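To start, the structure under review is shown below, and the notes come after it.
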Amino acid sequence: MPAAWMPVLRLGAYASRVPGPAGGDGAVPIAITCFTRGLDIRKEKADVLCPAGCPLEEFSVFGNIVYASVSSICGAAVHRGVISISGGPVRVYSLPGRENYSSVDANGIQSQTLARWSASFTVTKGKSSTQEATGQAVSTARPPTGKRLKKTPEKKTGNKDCKADIAFLIDGSFNIGQRRFNLQKNFVGKVALMLGIGTEGPHVGLVQASEHPKIEFYLKNFTSAKDVLFAIKEVGFRGGNSNTGKALKHTAQKFFTADTGMRKGIPKVVVVFIDGWPSDDIEEAGIVAREFGVNVFIVSVAKPIPEELGMVQDVAFVDKAVCRNNGFFSYHMPNWFGTTKYVKPLVQKLCSHEQMMCSKTCYNSVNIAFLIDGSSSVGDSNFRLMLEFVSNIAKTFEISDIGAKIAAVQFTYDQRTEFSFTDYSTKENVLAVIRSIRYMSGGTATGDAISFTVRNVFGPVRDSPNKNFLVIITDGQSYDDVRGPAAAAHDAGITIFSVGVAWAPLDDLKDMASKPKESHAFFTREFTGLEPIVSDIIRGICRDFLESQQ
């Protein structure tokens, strides 16, 4: 019998256990969430009620008709056409585990492949208890009380001090063999457990390097250590050449996307396990990974003995593949036995986000303060244009608690900190507070304002790994000296961009700006002319940041 028919025959065997919808027992359906999985239902048969409005793009579904139990029940029901996004009753049948869950695009959901899983389920159209009794269709939009179902807030879990999106690239070649492959998986499981995986902590995925690289699961598939450990256990040994370079390049290019669970502003990390030495060139893959902003760690096990060195393409493969050749990104274990003592030091490295040099870009590793002129000559309508200018710059950057940070000070003769670098850690909150800034009105003392900002805004973050920038926007001449305070700011490592409008003297703008003055000082006659300067400021910040990294 052709092998291609085997899944159909298996499904036929499963189907013999599955009664039609009319065979229900009249039980009241259990209300579940959009993301309740098959493994969360511990019954051979269950009637559930999927809510309306589940986001299709966030469903995690593995297989077709028969789904891995790690799949979303409601996602599987929509995928199979049992319900629409309006929700409704679904009957769930538990099935044995299997191999080769297929990927099928159906009803707006692209299910994913999975090599193997320990349990499965299938779904059919269910009936509510009212339908069972009367045969009448009933609405599932509201419960019988007429009140809306309360959405259960997602519990925030994980180690908040360890923010990273991590791909474990394990060795699945014949070189490592089945026994050491299992020891390798045990070690990866221990690392995953200690990381503190969760919605607020690190997210992890797994790629196996063999003849052809295979992504076993993505960042978005599991957000608890328990599920990750189970998924690692289920990964099967593939064999073939290690082709680590090919696998690393594939991981850097394909693994980290928004669709697969990558989070903005979070360091991207690949931990490469190499048993012995790679069978292909790994240097080029390291270059590609760095270009994609990926921090590559190499965990090497059992270095080649002198007699084997002739078979190694490049004995310096570790130094050429890691993010930086500074010792931080390389890690060695003598063998796969007694590896528990190596877990904690590796976890500490993976959680040191300030050391993730390859993740640092001008968009996620800068502190930018805006010094905004609130003097009487500006006027309320023009002040709004200044705030729009500030917002358009700020929204370009990847603002987060470990990424770019924004602050704002308004000045007249006095100074007012509108918000500091540590007040807001999301782009949405930063943009909202910028819009809410109230116009002060008064005189113009720019020099005092610079000194105030250096002391009170940049002072608390003087030890930050981010590069510091100050953008000054003013429309007139300062009543005090600007040269001295600006020089002090430069000496403190703060790069200044000065933006003048209307009556702002060019000499003051140049005195405040960092060198070269021509690329750090800007002027426009009208407040409506601020908009074209936005891109100049952003390019300038990125240019200065890159120069500081060399």
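For all residues, glycine too, the Cβ spot is worked out from N, Cα and C.
Sequence annotations record features per position, and here Swiss-Prot assigns signal peptide to 1-15. The domain 'LCCL' annotation in Swiss-Prot covers 28-121. The N-linked glycosylation site annotation in Swiss-Prot covers ASN100, and the record cites sequence analysis as its basis. Sequence annotations record features per position, and here Swiss-Prot assigns region 'Disordered' to 126-158. What Swiss-Prot records for 165-350 is domain 'VWFA 1'. The domain 'VWFA 2' annotation in Swiss-Prot covers 367-537, and the record cites sequence analysis as its basis.
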Residue distribution over DSSP helix, strand and coil in the domain 'LCCL' (28-121): 14 helix, 45 strand, 35 coil
Local Cβ density at ASN100 (N-linked glycosylation site) - other Cβ atoms counted within 10 Å: 11
PLDDT averaged over the residues of the domain 'VWFA 1' (165-350): 89
